[in-house]
Amino acid sequence: MKMHLQRALVVLALLNFATVSLSLSTCTTLDFGHIKKKRVEAIRGQILSKLRLTSPPEPTVMTHVPYQVLALYNSTRELLEEMHGEREEGCTQENTESEYYAKEIHKFDMIQGLAEHNELAVCPKGITSKVFRFNVSSVEKNRTNLFRAEFRVLRVPNPSSKRNEQRIELFQILRPDEHIAKQRYIGGKNLPTRGTAEWLSFDVTDTVREWLLRRESNLGLEISIHCPCHTFQPNGDILENIHEVMEIKFKGVDNEDDHGRGDLGRLKKQKDHHNPHLILMMIPPHRLDNPGQGGQRKKRALDTNYCFRNLEENCCVRPLYIDFRQDLGWKWVHEPKGYYANFCSGPCPYLRSADTTHSTVLGLYNTLNPEASASPCCVPQDLEPLTILYYVGRTPKVEQLSNMVVKSCKCS
């Protein structure tokens, strides 16, 4: 037993010197030609599978593609590019890192105004909703560092309520348009109308992110009862000519003791920390810097913007153009003629240095299991769809194929 223990210690000591060479990555390194061949075959199978085709359709000889079909193809492609651009501009940092670092907290109180400015009389009788407006323009420059946003409002008891419980729903107010609804649903709650006061919280991260990206979209939030303009019997039937009113009361909005005090009452409201407010959790940029690089350099994203301009040896997205005719032998895809499918490649160094016990154990594991991957591998993180125009017989089709373009990579 003692001899086996001594042998194990000797092996671990020797592996201390070998860990440096083993700690880059155990993922198999392939040459470009082999990678392209594998990627081409994968794309061939992906496209046919996504189109539910067992074999490529017969190519159709077309002298020209109708304008309407080309317009549909171009508009679809542009819409996808726009959506990806907005997602990139408004996205947060990678989740694991953003969860780890401490957040700066910003509080924005509801903008106070006259009573009628915080009410929407949607129905002929009664008050069915409340509006809450906020100015968050001071943090617009740090919009990409938004981690989470919460809307908080204090429900206060309503002793004169005619019901014990009522359902409320929170909406983002949208700019009026005849083609879309004027509200976007965020969440709902069933609440007691009496009882003790309680704070209500709603996750409004996506809404606030949109406000920070486009200031003109900030039209406020609205709390409304579930079915305004109707009151229901216990069996679900509508009571005609009787309209439900909001009996849930909120601090800072329904304070009857402040009514009639004019500017003095509104000033008191502004200083009341129980008023409706937003809580924004922001990650300071310096906390996302790479601590190992002496300067204040922002951690780079391993995407096409960085990788295509730099000679990065470690994990990065690499350009790979697929020509439908030359690489796949396909003539049935009319648009595009080809596209950058890209791929991920490069070693992923361990997070810990090579002289730690952690790396030593992993090095031993790699030695005993050469086919396994104990260290991270370079894999796709963000993928974009591809829009194609093709014919089945003489019928044109425009299709969107999901996850066809590698835009960024990560070590996983």
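Every residue, even glycine, has its Cβ placed from backbone N, Cα and C.
Here Swiss-Prot flags 1-23 as signal peptide, drawing on sequence analysis.
Following the DSSP three-state reduction, the secondary structure of Asn74 (N-linked glycosylation site) is helix. Taking a C-beta cut-off of under 8 Å and a sequence gap of six or more, Asn74 (N-linked glycosylation site) has no contacts in its own chain. The feature N-linked glycosylation site is assigned by Swiss-Prot to Asn74 (among others), with sequence analysis given as support.
Look at Swiss-Prot and you will find Asn135 (among others) tagged as N-linked glycosylation site, backed by sequence analysis. Remark: Asn135 (N-linked glycosylation site) has Phe108, Ile111, Asn218 as non-local neighbours, by Cβ distance under 8 Å and separation of at least 6 in sequence.
Within 10 Å of the C-beta of Asn142 (N-linked glycosylation site) there are 16 other C-beta atoms, taking all protein chains into account. What Swiss-Prot records for Asn142 (among others) is N-linked glycosylation site, and it gives sequence analysis as the kind of evidence.
Residues or ranges marked as N5-methylglutamine in Swiss-Prot (evidence: experimental evidence): Gln293.
In the three-state DSSP scheme, Cys307 (disulfide bond) is classed as helix. Under the heading disulfide bond, Swiss-Prot lists Cys307-Cys316 (among others).
According to DSSP, Cys315 (disulfide bond) is assigned to coil rather than to any helix or strand. The Cβ neighbour count for Cys315 (disulfide bond), using a 10 Å radius and every protein chain shown, is 23. If you look up Swiss-Prot, you'll see Cys315-Cys378 (among others) marked as disulfide bond, on the strength of experimental evidence.
Secondary structure from DSSP puts Cys409 (disulfide bond) in a beta strand. Residues or ranges marked as disulfide bond by Swiss-Prot on the basis of experimental evidence: Cys344-Cys409 (among others).
Residues or ranges marked as disulfide bond by Swiss-Prot on the basis of experimental evidence: Cys348-Cys411 (among others).
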Query raised in the report: At the Cα level, what's the spacing in Å between Cys411 (disulfide bond) and Cys378 (disulfide bond), rounded?
Result: 5
Query raised in the report: Just counting, how many other CB atoms are there within 10 A of the CB of Cys344 (disulfide bond)?
Result: 23
Query - Listed in sequence order, residues with CB under 8 A of Cys307 (disulfide bond) and six or more positions away - result: Cys316, Val317, Arg318, Cys409
Report task. Would you count the other C-beta atoms found within 10 angstroms of the C-beta of Cys411 (disulfide bond) for me? Result -> 21
Requested in this report: List the Cα distance (Å, whole number) between Asn142 (N-linked glycosylation site) and Cys348 (disulfide bond).
Outcome: 30
